[in-house]
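**Q** Pasting a structure below so you can have a look.
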Amino acid sequence: MKISITAPAKINLSLDALYKRDDGYHEVEMVMTTIDLADRLYLERLDEDKIVLDVKAHFIPEDRRNLIYQAALLLKKRFDVKMGVRITIDKHIPVSAGLAGGSSDAAAALKGLNIIWELGLSIEELAEISSEIGSDIAFCVYGGTALATGRGEKISALPNMPGCWIVLAKPSISVSTPTIYKELQVESVEHPDTKKMIESIKNGDLDGIFASTGNVLESVTLEKNPQVKRIKDRMLAFGAEAALMSGSGPTVFALIKQYSRAKRVYNGLRGFCEEVYMVRPWSEGENDTNK
């Protein structure tokens, strides 16, 4: 059996860290949505008991360091699967960008393996299993727009993000998420209004969504990397209605109602930043798993 499955990137419309927990993680409230910048996974069931990864990108491991490999290994051990799999990944999501590319690939792998290994697991079961690999993966299993709490693994679905244009820009730097969280001072940063963001999404209120964006991690990443702030400022100068860093960075995204203005922001960033994308929100109903 062979199938293919889409693995969309995500952005954080709001990201709040409330306090540091006893287990070392931060208690978070994040409103996230998937976008139509996506990787594509191709899965082939093998009779031989082995996991084979083929990543069409440089600098990405094809062994146990890869979240896809970890997802496959977890399912094999949990359900005593004797079959194998070959997974080919066509990468489009930037690496180490704050867009959950690795987590989305792992989520897509879990969903694809559930099909080709005929495990019969529900989405809820896959999301629960995914939390053993990484905090962001549960959201990526569901896709669409949702509130994530706990350390990011508790997911509450929200209505789809209203239609708009999203311009992404990733500078050629890498950011360490653990380092950013370690240096975050939750008592001294401005916290986003998560309730207002949720209310605006439920009402389909784009202006309310734009006004409610916020990310507590910006205070750390922008201080360490001034180029991230320059990208954000440039987006706003070219007409973005909102601009925000996604995750721990370094990618910044702009939210814009009109195509013409979005194109202006996009053109204003090309040449200023190496990786620039113009995309739309993506909902779970668009997930085309093909056998």
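Note that the numbers count up from 1, one per residue, in the order the chain is shown.
Cβ atoms here come from the backbone N, Cα and C positions, even for glycine.
Straight out of Swiss-Prot:
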type	residues	note
ACT_SITE	Lys10	active site
ACT_SITE	Asp136	active site
BINDING	Pro94, Val95, Ser96, Ala97, Gly98, Leu99, Ala100, Gly101, Gly102, Ser103, Ser104	ATP binding site
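For the listed features, I'd like the structural context: burial, neighbours, distances.
**A** Non-local neighbourhood of Lys10 (active site): Met32, Thr33, Thr34, Ile35, Leu99, Ala100, Ser104, Asp136, Phe139, Cys140, Ser246, each in the same chain, at least six residues away, with C-beta under 8 Å from its C-beta.
In this structure, Asp136 (active site) belongs to neither helix nor strand by DSSP; it is coil.
Every protein chain shown contributes to the tally, and the Cβ of Gly98 (ATP binding site) ends up with 28 other Cβ atoms within 10 Å.
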**Q** Please report the three-state DSSP label of Lys10 (active site).
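**A** In the DSSP reduction, Lys10 (active site) maps to strand.
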**Q** Other residues with Cβ within 8 Å of the Cβ centroid of Pro94, Val95, Ser96, Ala97, Gly98, Leu99, Ala100, Gly101, Gly102, Ser103, Ser104 at the ATP site?
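**A** Those within range, site residues removed, are Ala9, Ile93, Gly247.
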**Q** Specify the count of other C-beta atoms within 10 Å of the C-beta of Ala100 (ATP binding site).
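**A** Total other Cβ atoms inside 10 Å, all chains included: 28.
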